[in-house]
Amino acid sequence: MIKINHLEIRFQGEQNSPYPGNGNLSNNAFLRIRAILERLGFSQRGIHGPVVHASSQIGGRDLRPAHGRGLELWLHPAGRGSGLPHPWRPALRLRAHRQPDRAPPARASEQPLRQGRRALRRRPDQRRHRPRMTAAALRLGAARIGPGLLAGLLMAVLAKLLSQSLHAPAPLLAVVLGMMLGALGLQGQLGAGLDVFAKPGLRLGVAMMGAQISWSEFAALGGPAVLASGAVVLGGLGIGALAGAALGLPLAEALIAAAACSICGASAALAASQAAPSSPENQRTTALVIVGVNLLSTVAMLAYPPIANALGLTAHQAGVFFGLSIHDVAQVAGAGASVSPEVAGTAALAKLSRILWLGPAVVLIGLMLTRTAQGGRISGLQAPPLFVWGFAALAAARGLNLIPPALVSALGACSGFLLLAGVGAISAKLGPKALLEVKPRLAILLVTLTVAVAILAYALTRIFF
């Protein structure tokens with residue numbers, strides 16, 4: 001006879017309960033749980049409704065939240081064994097940990113040493129039972145993340161449509177839509193689905209950006225463009241770290257802002273935020289940086305063409321200057337198109353050369369943050385995140401002409417869509433109150449980085465072109 005040493009039952013609170021997730025059940029659900037407990041041989045004493053809890057008769061421990069998604073109930077037999085005469089599967093998800101009615105096995109240090117793989121295998125009575133993925137569990141998961149996924153999709157679609165009609169930056173509109181959704185106070189119902197876009201969705205979108213890098217097009221600009229863009233990226237990260245320290249900002253926030261200003265605006269900010277530690281403050285900084293770089297890029301789109309004319313730059317030099325200095329791709333194209341189509345093409349290629357450095361920059365940011373967390377030491381080189389490997393793999397595949405042109409366009413559209421949904425999800429989770437609190441030091445850092453990158457881009461344009 002095998003006795004149940006303890007029993008764990010996970011169940012979900014009713015959605016229409018006044019206190020969802022805190023254990024309030026309908027009478028029908030309570031009767032089902034009590035029937036399960038009686039079937040397993042537990043005493044009826046200590047089982048009360050409509051809230052089920054464990055009293056001193058069956059273990060003395062109350063229900064507790066399981067990460068906000070359900071409850072865990074730990075029960076112990078009241079002085080007698082609770083053997084199962086035959087296999088029986090209840091309607092609710094149930095997991096029992098069983099141990100034989102004998103002394104526990106000796107510790108590993110007391111057991112004789114054995115060679116081979118068999119010594120590492122557990123005996124059947126030591127294996128932990130794992131619940132199977134059932135159709136009910138799949139439906140429950142879909143119901144939990146479905147509303148948030150739908151909200152993220154709608155925000156991305158609306159941001160894209162409004163961007164085309166209003167001629168406004170799509171990431172900025174996604175932030176505004178996310179703030180409007182967050183003002184409704186639906187973070188609890190939509191949080192699980194929004195997390196899908198705010199974490200894995202963002203990383204997948206950044207990885208897909210690698211397919212937009214065309215090595216054959218870079219050959220038209222030559223090696224100096226790659227070197228100049230690398231100098232802009234490294235210089236921007238260094239200036240951002242130093243200026244952020246002078247302003248008293250955390251290194252993670254300073255590097256998120258520096259990546260946005262020195263690489264490719266909102267996309268780089270999102271990629272850098274995935275390399276930084278996950279925290280509400282870093283998410284808030286990311287959203288504020290996206291708003292700031294879009295505003296500064298719009299100002300640069302209007303101001304840089306007359307500045308380039310006043311500085312006496314040729315058409316080719318002006319295109320390179322726009323591509324190396326303006327943050328977002330859309331504003332780079334707008335600034336170049338205001339001069340001539342040839343300048344717009346040159347500016348777009350120079351901008352793509354900065355995106356080429358996104359993967360190495362994310363790895364560098366991760367190393368800088370790891371070194372800071374370990375007190376200036378790096379115990380060992382850590383592997384880059386998976387989305388950086390995906391970015392590099394797609395860039396290499398595009399360079400080897402392994403990706404058809406139609407698939408390149410599809411990957412670009414999916415990447416932009418996932419990034420917009422991620423921006424909206426982050427803004428919706430934070431809410432308008434957190435985003436409307438202006439951080440003066442962060443604003444000063446963004447302006448400083450914009451001016452520094454422009455000066456550096458102008459100097460490199462004069463040197464290499």
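Backbone N, Cα and C atoms are what each Cβ position is placed from, and that goes for glycine too.
Swiss-Prot has this to say about the protein:
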type	residues	note
REGION	97-132	region 'Disordered'
COMPBIAS	115-132	compositional bias 'Basic residues'
TRANSMEM	135-157	transmembrane segment
TRANSMEM	172-194	transmembrane segment
TRANSMEM	219-241	transmembrane segment
TRANSMEM	251-273	transmembrane segment
TRANSMEM	286-308	transmembrane segment
TRANSMEM	318-340	transmembrane segment
TRANSMEM	352-374	transmembrane segment
TRANSMEM	378-400	transmembrane segment
TRANSMEM	405-427	transmembrane segment
TRANSMEM	442-464	transmembrane segment
- Stretch contact, the transmembrane segment (172-194) with the transmembrane segment (442-464), Cβ-Cβ under 8 Å, 3+ pairs: no
- Sequence-remote partners of the transmembrane segment (352-374) [C-beta within less than 8 Å, at least six residues beyond its ends]: 206, 209-210, 212-214, 217-218, 221, 225-226, 228-230, 232-233, 237, 241, 251-252, 255, 259, 262-264, 267-268, 271-272, 274-277, 323-324, 381-382, 384-385, 388, 391-392, 395
- Item | Selected stretch (most C-beta pairs under 8 A with the transmembrane segment (318-340)) from 219-241, 286-308, 405-427 | 286-308
- Item | Chain residues outside the transmembrane segment (219-241) and at least six past its termini with a C-beta under 8 angstroms from it | 251, 254-255, 257-259, 261-263, 320, 324-325, 346, 349-350, 353-354, 356-357, 361, 364-365, 368, 445, 448-449, 452-453, 456-457, 460-461, 463-465
